[in-house]
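Visitor: These came from TrEMBL, pasted as-is:
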DOMAIN    1-282  domain 'PTS EIIC type-1'
DOMAIN    322-426  domain 'PTS EIIA type-1'
TRANSMEM  31-50  transmembrane segment
TRANSMEM  62-88  transmembrane segment
TRANSMEM  108-126  transmembrane segment
TRANSMEM  146-165  transmembrane segment
TRANSMEM  177-195  transmembrane segment
TRANSMEM  202-224  transmembrane segment
TRANSMEM  244-266  transmembrane segment
Amino acid sequence: MLNAYAVASTPASEIAANWVWNFGYFTVNRIGYQAQVIPALLAGLSLSYLEIFWRKHIPEVISMIFVPFLSLIPALILAHTVLGPIGWTIGQGLSSVVLAGLTGPVKWLFGTIFGALYAPFVITGLHHMTNAIDTQLIADAGGTALWPMIALSNIAQGSAVFAYYFMHRHDEREAQISLPATISAYLGVTEPALFGVNVKYIYPFVAGMIGSALAGMLSVTFNVTAASIGIGGLPGILSIQPQYMLPFAGTMLVAIVVPMLMTFFFRKAGFFTKTEDDTALQAEFVAQEEAEFVSHEPVELTPVEIVSPLTGQVKELSQATDPVFASGVMGQGLVIEPSQGELTSPVNGTVTVLFPTKHAIGIVSDEGVELLIHIGVDTVGLDGKGFESHVAQGAHVTVGQRLISFDIDAIKAAGLVTETPVIITNQDAYTATITGTYPTIIQAGQPLMLATRI
């Protein structure tokens, strides 16, 4: 391809004449793929499939020599002759759709959708495609209405994480992550905010999307246009054409205020907060164990029997509806779908955590096994309705003693499931030994699993 200097000095007729590669039986357009994402994705996928194919069919002793050669060469040929033009065509189509959306009769709707979806684009890396679209819009229309919305999305996600920082400013660990992420997002780099806080805890991410959608709608409605692309976030106003700076400042205010208010509202109302609640539950449980039961060092090397605290169907933890528990990140164990609403103690031990909502309880056995029992999924939102505790935090309990009564019908009527994980949380000291075959029916008090000292 011609470089920038050669383009200026080469006649248009010569450029047109050399615009194709002629292979005799067919020709291929000399298309440039600068700033193109889709052709690169297609080329990468073809290379990966070819490599996997050849590794399956070529002996390992010679695979190091032949697999790269037989994968890369065909992938390059496919990229330039088939996949590249296809990807380029798709990219051009996207550019046309964007331009139509920005100039059409429902441009406010396009602005709303793009404002909401830009942050998810960043997560997947697809936001790089907008650079080519912005450049094309500047060349065709003398400015781009896309870039202002990108800057507003940066600001919105930064405002959401700032609200999160304000709520957790006394938590040193969270503050060390969220405050720098706020500054970074306000300067146009949102990855620390997205991956460090917003996507992790969900509700700040959703709040940022809502604020960005509203700001994007207003930006397009007021025809805010950028003369060029550059840094995003708050400094993005420097890219805006002078006649649109005042309307853009108003949309910036929306992108600052709305995500903050929505983040506070979601946290207060408990919307999209499940991940943070589960993280806090685990942290509080572990903290109380360390603070109140330092003397509970495991002294017995024989396995500790844990009986079923419920009557119902027991199944493997990996089959749990809740992905946090199913992943095993919070501990090992099993999950029970109760048929009776009575939770009894699975061990002799002490109640170390009893949440005000009565939906979860933590117990340390006399041998030092730390157990967490979480009744249902998202039942924290019931705020204790349908739950009744029969013990207090700090009480010593024995096997089979009633701990909590709960209304299965009320939980299901609220659209929630009742499956109850029973997990060992001090995985550094004990591992769950499961000998049964599941799923199966179990009665409260029957052996459930063993906690084996590591």
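Cβ coordinates are placed from backbone N, Cα and C, and glycine is handled just like the others.
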Visitor: Counting only pairs at least 6 apart in sequence, do the transmembrane segment (146-165) and the transmembrane segment (62-88) share 3+ Cβ pairs under 8 Å?
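Guide: By the criterion, they do not touch.
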Visitor: Six or more residues out from either end of the transmembrane segment (202-224), which same-chain residues have a Cβ under 8 Å from its Cβ atoms?
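Guide: Same-chain contacts beyond the ends: 102, 107-120, 145, 148-149, 152-153, 155-157, 159-161, 163-164, 194, 240, 244, 247-248, 250-252, 254-255, 257-260, 262-263, 265-267, 271-276.
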Visitor: Do any residues of this chain, six or more beyond the ends of the transmembrane segment (177-195), have a C-beta under 8 angstroms from a C-beta of it, and if so which?
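Guide: The answer is 119, 122-123, 151, 153-155, 157-158, 160-162, 164-165, 168, 205, 231-236.
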Visitor: Other than its close neighbours in sequence, what residues sit by the transmembrane segment (108-126), given a CB gap under 8 Å and a spacing of at least six beyond its ends?
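Guide: For the transmembrane segment (108-126), the list is 37, 98, 101-102, 145-146, 149-150, 152-153, 156-157, 190-191, 194-195, 198-199, 205, 208-210, 212-221.
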Visitor: Averaged across the domain 'PTS EIIC type-1' (1-282), what pLDDT does the model get? Just tell me the whole number, please.
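Guide: When the pLDDT values over the domain 'PTS EIIC type-1' (1-282) are averaged, the result is 84.
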